[in-house]
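Chemist: Under the heading region 'NADH-quinone oxidoreductase subunit H', Swiss-Prot lists 1-405. What Swiss-Prot records for 12-32, 82-102, 124-144, 170-190, 195-215, 260-280, 286-306, 318-338, 351-371 is transmembrane segment. Residues or ranges marked as domain '4Fe-4S ferredoxin-type 1' by Swiss-Prot: 455-485. Sequence annotations record features per position, and here Swiss-Prot assigns [4Fe-4S] cluster 1 binding site to Cys465, Cys468, Cys471, Cys520. The domain '4Fe-4S ferredoxin-type 2' annotation in Swiss-Prot covers 501-530.
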Amino acid sequence: MPDLSLFGHDPFWLVVAKSVFLFVYIILIPLVAVLAERKVVARMQMRVGPNRVGPFGSLQSIADGVKMAFKEDLVPAIVDKPIYLLAPVVSVIPAFMAFAVIPLGGEVSVAGNTTALQLTDMPVGVLYILAITSIGVYGIVLAGWASGSTYPLLGGLRSTAQVISYEIAMALCFAAVFLHAGTMATSGIVGAQHPTWFVFLLLPSFLIYCVSMVGETNRAPFDLPEAEGELVGGFHTEYSSLKFAMFMLAEYVNMGTVSALATTLFLGGWSAPWPFNLIPGADAGWWGLLWFTAKVWTFMFVFVWLRGTLPRLRYDQFMRLGWQLLIPVSLLWVMLVATARLLRADGHAWATGAQVVVGVALTAAMIGLFLRAGRRPAAPPEPEPEPSGEAVFLGFPTPPVPADAHRVDNPKGGLLEPLAGFAVTAATMFKKPNTEFYPEQKVPTAPRYHGRHQLNRHPDGLEKCIGCELCAWACPADAIYVEGADNTEDERYSPGERYGRVYQINYLRCIGCGLCIEACPTRALTMTNDYELTDDNRADLIYEKDRLLAPLAPGMVAPPPAMAPGTTEADYYLGAVTGGAPAAEQPAPAGAKGGAR
């Protein structure tokens with residue numbers, strides 16, 4: 001078990017190697033967390049998530065980082081530029097520094113040197129983490145103030161109040177831990193959790209810490225400093241490109257930091273969980289790093305689960321939770337832990353068991369307060385019945401209000417509804433996604449699906465369109481343009497006197513309503529099942545006549561053909577011409593002209 005005497009004796013090259021290893025370990029947290037969050041939330045919503053960049057979308061985070069780096073870096077004219085540029089740095093550096101005293105594993109051997117999988121440790125390691133993580137809020141406050149805009153300033157002020165409120169509760173959780181462990185060194189706290197983890201001995205502290213760490217990292221449902229619906233983007237509204245990326249990096253690294261700290265303080269750090277701890281050497285050497293990482297990512301999953309399940313709290317609810325519940329309970333619990341420690345020092349072995357029992361009771365009391373605070377208010381009194389069958393409002397009769405309109409059936413407690421939400425999202429993760437893997441797998445459309453338009457032909461190849469422009473007049477989006485022209489004996493395109501010389505449909509405007517189909521008197525215009533209309537430029541989304549005409553079927557004659565011998569215009573409209581080309585003409589192969597590009 002590493003202790004403080006093990007630190008300070010590593011060769012310089014080993015200290016550098018451990019620093020590089022820790023930096024890479026931290027950098028991997030946001031890269032993996034962003035992808036995992038998008039994948040997990042997608043599964044909760046019965047989607048697939050990122051699946052384009054790399055195998056199964058595994059390189060999506062790298063692609064997003066490159067894209068972010070090449071975005072235009074805008075600096076508004078009204079900002080306080082030095083502080084504006086400094087704020088992202090102040091936010092991200094403390095997130096990395098906090099990991100310096102967190103033990104990732106036990107003692108390992110590297111090139112013949114025995115060292116701890118921890119960069120360093122100190123007698124006040126927990127206080128160091130608390131102080132360093134508190135510095136990060138200055139970056140948020142400075143970003144809001146230096147942006148010179150109202151929304152970022154409000155986001156910065158919210159963040160200040162949020163961190164102050166929940167930092168107190170978190171510090172009291174730390175106090176309970178090092179009172180029980182008898183040390184503030186992180187390696188010593190991990191050693192004090194053999195064989196019983198503090199999550200069982202200090203259950204109220206663990207519960208309060210889990211709530212506080214979500215508020216400390218500004219994550220949903222406590223993401224009030226960057227509430228999109230109220231503050232646009234909060235404190236980083238005016239940031240873009242790499243400066244915005246630094247704030248995102250700080251957020252995800254902070255998630256990893258508080259998760260690693262929860263693992264260290266309450267879940268035994270790098271020690272193996274039951275029943276693996278029964279295996280000799282299960283947490284020796286590099287195995288400890290595996291257990292530590294697994295516990296950290298369990299907390300990271302809970303962060304994502306919270307985001308995918310719970311809505312954002314109101315600001316007054318959030319502050320009331322911190323000041324009226326978490327802080328008073330934390331103060332009471334710290335006094336109880338201190339009393340139990342004093343009793344143990346006097347030789348009363350039963351104090352530990354009593355502490356566990358009181359902790360469970362206090363946790364149940366907290367849950368009860370949650371239920372009471374979240375219970376729906378009682379239904380208002382039933383309204384007095386109207387004197388007549390109708391009420392009159394502004395001279396207009398309105399129906400009477402039913403007597404049970406305000407009745408609430410089966411009101412649920414404050415925690416039961418969120419728990420039901422967690423059950424729903426957990427069950428949805430294992431359902432088959434509804435995402436269609438287009439274009440690799442194209443699902444056939446319904447038979448009556450209306451997609452791209454088509455100009456139809458008569459059985460001998462003549463066009464049905466007569467250039468009447470009724471379709472253009474019927475289009476509510478003004479997406480169709482038609483120019484008619486006269487047929488001649490030498491150049492005939494339709495059986496009648498007129499044909500559509502120019503026919504255009506602008507698919508940037510078309511809404512697919514089908515009114516043009518209903519307006520066509522000759523059934524010349526129909527809609528096909530083709531839904532692939534996307535293009536990379538505007539010009540190609542304006543379909544001309546040659547792209548709208550139906551392809552020539554076998555037996556049809558390439559335009560301009562003559563009318564079938566012995567037929568009149570009426571024969572075409574009555575359906576007397578059923579197929580075959582005129583004897584004087586040579587049939588064209590199918591698809592010779594017209595159809596989709």
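From the backbone N, Cα and C atoms, a Cβ is placed for every residue, glycine too.
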Chemist: Over the span of the domain '4Fe-4S ferredoxin-type 2' (501-530), count residues by DSSP class, listing helix, strand and coil in order.
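Modeler: Going by DSSP assignments, the domain '4Fe-4S ferredoxin-type 2' (501-530) contains 5 helix, 9 strand, 16 coil.
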Chemist: Give residue numbers and ranges for long-range contacts of the domain '4Fe-4S ferredoxin-type 1' (455-485): same chain, 6 or more residues beyond its ends, CB-CB under 8 A.
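Modeler: Same-chain residues near the domain '4Fe-4S ferredoxin-type 1' (455-485) but 6 or more away: 492-496, 498-511, 513, 515-526, 545, 548-550, 552-553, 555-559, 561, 563-564, 572, 577-582, 588, 594.
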Chemist: Using a Cβ cut-off of under 8 Å, list the residues of the same chain at least 6 residues beyond the domain '4Fe-4S ferredoxin-type 2' (501-530) that approach it.
Modeler: 444-445, 447, 449-456, 463-468, 470-485, 538, 541-545, 548, 573, 596
Chemist: So what sits near Cys471 ([4Fe-4S] cluster 1 binding site) in its own chain, CB-to-CB under 8 Å and at least six residues off in sequence?
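Modeler: Ile480, Val482, Cys516, Ile517, Ala519, Cys520, Leu525 - these are the non-local Cβ neighbours of Cys471 ([4Fe-4S] cluster 1 binding site), listed in sequence order.
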Chemist: Which are the residues of the chain, Cys465, Cys468, Cys471, Cys520 excluded, whose CB is within 8 A of where the CB atoms of the [4Fe-4S] cluster 1 site average out, their centroid?
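Modeler: Neighbours found: Ile466, Gly467, Glu469, Leu470, Val482, Gly500, Cys516, Ala519, Pro521, Thr522, Ala524, Leu525.
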Chemist: Name, in the order they occur in the sequence, the residues of the same chain whose CB lies under 8 A from the CB of Cys468 ([4Fe-4S] cluster 1 binding site) and which sit 6 or more residues away.
Modeler: Val482, Gly484, Arg498, Pro521
Chemist: On a simple 10 Å Cβ count over all chains shown, which one of the binding-site residues Cys465, Cys520 is most densely packed?
Modeler: Cys465
Chemist: For the region 'NADH-quinone oxidoreductase subunit H' (1-405), report the average pLDDT of the model, please.
Modeler: 86
